[in-house]
Amino acid sequence: MAIKKRYVKRLLRKVVLLLVVIVTVSLVTTLVVERRMKNAAELTEQLDPNGDPITPVFRAANIHPTRKAPRPPFQDRNSVVDIPRSDKLQGFRLPEPKGERKDWHDYAAMEADRKRSGFGEHGVAVKIENPDEKQLEKEHYEMNGFNGLISDRISVNRSVPDLRLEACKTRKYLAKLPNISVIFIFFNEHFNTLLRSIYSVINRTPPELLKQIVLVDDGSEWDVLKQPLDDYVQQHFPHLVTIVRNPERQGLIGARIAGAKVAVGQVMVFFDSHIEVNYNWLPPLIEPIAINPKISTCPMVDTISHEDFSYFSGNKDGARGGFDWKMLYKQLPVLPEDALDKSMPYRSPVMMGGLFAINTDFFWDLGGYDDQLDIWGGEQYELSFKIWMCGGMLLDVPCSRVAHIFRGPMKPRGNPRGHNFVAKNHKRVAEVWMDEYKQYVYKRDPKTYDNLDAGDLTRQRGVRERLKCKSFHWFMTEVAPDFLVKFPPVEPPSYAAGIIQNVANPVYCLDNMGKSTEEAVGMFSCADNRTHPQPNQFWELSIFRDLRMKGFDSVCLDVHEGPPNATVWMWSCHSQGGNQFWYYDRQTQRLVHGENNKRCLEGFVENGIAKVVANSCENGNDRQRWEFGFVNHTMLDTFYDGLK
């Protein structure tokens, strides 16, 4: 009986113990589940409106070595488009800025601008109507590369059109932003145009952010830019504008270095001396730098006409900066993942170079500009490569817009050095930063580069070693993944090349007439050598499906307007098709313009003058028939392969 009682007690203890274990496990399980549910709830609160997680920490240029993973997104409360969810294309966006946000618009100043009237106000074109002033107008034009007489008639405080995207007009930015030094460099700049650049910045920049304006006179020869400029600055901007004068011309790069050395702002903004900023240009430009000081930014560049000072929009869709293997600056479309919201900053491999912002400390940590780069040329590549390869990032900012005068024809100013300083600059950049890819630059022009001394590169190589910068292969594959497709390192064969002879007028061939870009193409007596004629008649239907001068990637045939008799311009090559798309139809011998196949190149002789136009394609019109010196039939068989 006693044994039975002990057995029952042990059994009860086991049952109780089992129950305790079950209860404990249940309790622990419940706690774990509740904790996970709580974490899930917290995570849900950190998703943006599109269901994508917010990345709280941002490391500049900390890009995964494969492009498969999406870039870290951040919540944009002002987004104007529906960014696709994770099962679709993921957009690149910066992290959510921390801190109070503010509307930086100066609405009173904007309203005052709206009420202005007069010559050139609101960016309206101005014409000189008085025939007695035409000669003076011509002289101003030749001296400046733009219409200086019109510039003198326009107020230095003129109003501009608001060219921003609608989303930019209501967006708020961090209330706490770094202050800036704006650095203008100039050489023999038109006085009123320089003043308008200064006033433009002062009038449209929050005064609490504008620490300083630096004017660097790079050895100007004109008297008006000496004591009269000093007096004007002292009278109107005594505590804001600093003038630095180089005793002799150092060029763009040396002048910028001189300006950077006296800059006291937390961020430096470098500008050419013939610009006008748009409304609220600064906050969107420097907010990315406030988020991460290793980001450099560029505004969207609008245009001020060199002919009539009209102010109009540039590329509204934006473009990424790049280069070809002749080291010519090129532009490419924005990457699809960066173009989902056209109002947000996007990545660009190379800056245009004339307008950009950079944290002052970061600029000097990168070694500034290579001070052995002479005059101009290559500086935008050197700085862009350094920014990306040494831990930074370069962004273009659509909500920040600055208009620039792109000079027209003017009297040549001469080579200040008497040698090819641009090629030497390019070789310095290639030797330090481009690694094995430099050979593709040299092979494009071995005569220039083979025996060219790049100078002492010790300091620049030391910068790269000190900062432990990435390889150029990393840059080409991660930052500029489409460059090798758009600009093959090994020059591909042409679809057709040589002379382009008009069938109706066989003594005439397409000719640049000794002119360059922004001029109409013409016809002249055909060269004797059909496949390798003199440069002015050496054309190619290139791999980019454009008609360009062989060996001169800066000149392509471009048609701006529709028929009849549309002018065929020689224009800077952009390698993007569109107005520069051409196809050679071997059966009809037509050079067809555009992908819609409706316009053809036409040559004719009128009153003894040979002309070239684009007209609607017509069967049986021999004036629209052309013969190349050489046709690559194998390549033409696949001309449309790969086109969308």
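Just so you know, glycine gets a Cβ as well, placed from its N, Cα and C.
Going through Ser197, Ser200, Ser273, Ser348 against Swiss-Prot, the one listed in the substrate site together with Asp218, Arg249, Trp376, Arg407 turns out to be Ser273. With Asp272, His274 listed by Swiss-Prot as binding Mn(2+), the candidate from His140, His236, His404 annotated for that site turns out to be His404. According to Swiss-Prot, the cysteine that forms a disulfide bond with Cys509, out of Cys469, Cys526, is Cys526.
In Swiss-Prot, the feature N-linked glycosylation site is assigned, of Asn179, Asn203, to Asn179; the remaining candidates carry no such note in the record.
When Swiss-Prot is consulted, the disulfide partner of Cys573, picked from Cys556, Cys600, turns out to be Cys556. Reviewing Cys469, Cys617, the cysteine that Swiss-Prot connects to Cys600 via a disulfide bond turns out to be Cys617. Taking only the Cα positions, the spacing between Cys573 (disulfide bond) and His274 (Mn(2+) binding site) is 24 angstrom. Here Ser273 (substrate binding site) is positioned 38 angstrom away from Asn565 (N-linked glycosylation site), judged by their C-alpha atoms. Among the residues the record lists as binding substrate, namely Asp218, Arg249, Ser273, Trp376, Arg407, the two farthest apart have Cα atoms separated by 20 Å. In this structure the alpha carbons, written CA, of Asp272 (Mn(2+) binding site) and Asn179 (N-linked glycosylation site) are 20 Å apart.
Spatial neighbours are here defined as Cα atoms within 10 angstroms of one another, and by that definition the neighbours of His404 (Mn(2+) binding site) among the recorded positions Asn157, Asp218, Ser273, Trp376, Cys526, Asn632 are Ser273.
The local packing around Asn632 (N-linked glycosylation site), expressed as other Cβ atoms within 10 Å of its Cβ over all shown chains, amounts to 16. For Cys526 (disulfide bond), applying a Cβ distance below 8 Å and a minimum sequence separation of six or more within one chain yields Ile499, Gln501, Pro506, Val507, Tyr508, Cys509, Pro533, Gln537.
Listed in chain order, the residues near the Mn(2+) site other than Asp272, His274, His404 are Ser197, Phe271, Ser273, Ile275, Ile304, Gly354, Leu355, Ile405, Phe406, each with its Cβ within 8 Å of the site Cβ centroid.
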